[in-house]
Amino acid sequence: MKTNDELFKNVISHAKEYGFVFPSSEIYDGLSAVYDYGQLGAELKNNIKTYWWKAMVQLNENIVGIDSAIFMHPKIWKASGHVDGFNDPMIDNKDSKKRYRADQLIEDKIARYEKDGKTDKAAKLQADLDAALNSDDLGRLKSIIEEHEIACPVSGTKNWTEVRQFNLMFSTQMGAMADGSEEVYLRPETAQGIFVNFLNVQKTGRMKIPFGIAQIGKAFRNEVIARQFIMRMREFEQMEMQFFVRPGTELEWYNQWKETRLKWHLALKPNPSKYRYHDHVKLAHYANAAVDIEYEFPFGFKEVEGIHSRTDFDLSQHQTFSGKKLQYFDPEINQNYVPYVIETSIGLDRMFLTILCNAYEEEDLSTDEKQDSRSVLHLHPALAPIKAAVFPLTKKDGLPEKAREVMDLLKIDYNIIYEEKDAIGKRYRRQDAIGTPICITVDHQSLQDDTVTIRHRDSMEQERVAIKDLEKLLDGIVGWKPLLQSLL
Ligand code: ATP
């Protein structure tokens, strides 16, 4: 039996070996917490985006999607609170020169106390940490680290600097050199692009409250420490939706979105016990309800998506800072108001990791006669990067030509791969490892009666079907319809 650590390492190396995720700039020894998606990773990522977009925009008449710019007016980040408040407390070890998040060092200590059965000590330390974080007391964080004799994992010493606040936004200069240039930020979230376009979309789309605006796009955060592969990156993608509602109705909508979003995750048929809600007890000052949807990664339950009831905080702030009215006239109650907002915010890369961890299996296929195993990705067929592989049984007798015909029939609608190298068993295994739901083999009988063998990834069962029925069969297995229907 593999430990969770080993399992996670295997997921990471599988992702690299099969072209899903590569470290960025690898030939230059990589760039910390930045990753590139390879040929299969890009496909899987696109499919996750499509699934989200279709579930949000296509299935909801009152949700539309936008694509706002990464650069925005710098005042936006003042209004949103990011310039003053988007900070992590950091601390450096003077001997190793390594930088840590002070709160995470303490959290690691809590985890160690818990592991050692010192639950009282862990609870007391958690309470102290919460109090220090809530009051932004950096001196207290330092004294906690000293009291609990927390040492640097690298140097082993307790030679720490003071704790300082570190703003997570990346900034750069826009425009020509020197005087004329202005400091702008790379957006740390996509949501503000939605808020500042609220009126543009509402007016041009003639949207009536309640309605939502969805967006998928890059976000950048200069995370103090980045760990756990694509879990915490410095450049990542978010899929966010802001749902604008009449004040007073927000908690009803919040509960509805909480349910709808979990349903979206579970429709992919993961192990349901790996998902849970984590309700926030301590709320941000502007929120009146908040929950995380968490997934149990090999390193524990972690947030994949956040659902927040944000009141009218964001639009009101932009009203104040821009001096422009951001209100809605509600004809049903004959009133103007600043709408309240429910936000659903999911990290695309974190969702990608959730899917990989959930799909990856090292399956033991040994029988009494022989030892055997396979690595398989049990991806939902609609998300699989390659929908089907077409194999001629051999490279001669006209089988490749017939297989190409089958491929041409299917490739208009789906991403299909053609392979003729190696024994058929080996070809099956390669497709299992990248999650291809179906393999189609063209053999000598195909030339006689226009049928082929279909082999299913998960059950490994085979059946004979007519070539003319292939399109319909594929639609039923790998098409979007069955998945989207399960959301209705
Ligand atoms: P965390 O507590 O894990 O840092 P957060 O609460 O700061 O996350 P949000 O600001 O709510 O995260 O962002 C919404 C979503 O964006 C998160 O649920 C997560 O999936 C994703 N996300 C946030 N930061 C990162 C990151 N550095 N790398 C990858 N995904 C991220």
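We count from 1, first residue shown onward.
Glycine residues also receive a Cβ, built from the backbone N, Cα and C atoms like all the rest.
TrEMBL annotations: computationally assigned, not manually curated.
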Per TrEMBL, member of Glu147, Glu149, Glu189, Glu296 binding substrate alongside Arg101, Phe236, Glu237, Gln238, Met239, Glu240, Glu343, Thr344, Ser345, Ile346, Gly347:
Glu189
Assuming the binding residues for ATP are exactly those in the record, Arg221, Asn222, Glu223, Glu303, Val304, Gly347, Leu348, Asp349, Arg350, what is the maximum CA-CA distance in angstrom, rounded?
19
If you compare CA-to-CA distances from Gln238 (substrate binding site) to each of the binding-site residues Arg221, Glu223, Val304, Leu348, Arg350, which comes out shortest?
Leu348
Go through the binding-site residues Glu223, Leu348, Arg350 and tell me which ones have a CA within 10 A of the CA of Arg101 (substrate binding site).
Glu223
Rounded to the nearest Å - Cα separation of Glu223 (ATP binding site) and Phe236 (substrate binding site):
11
Among Phe236, Glu240, Thr344, these being the binding-site residues, pick the one whose CA is nearest to that of Arg350 (ATP binding site).
Phe236
Among the binding-site residues Arg101, Glu240, Thr344, Leu348, which have a Cβ atom lying under 6 Å from any atom of ligand 1?
none
In whole Å, how far does the CA atom of Arg221 (ATP binding site) lie from that of Glu240 (substrate binding site)?
16
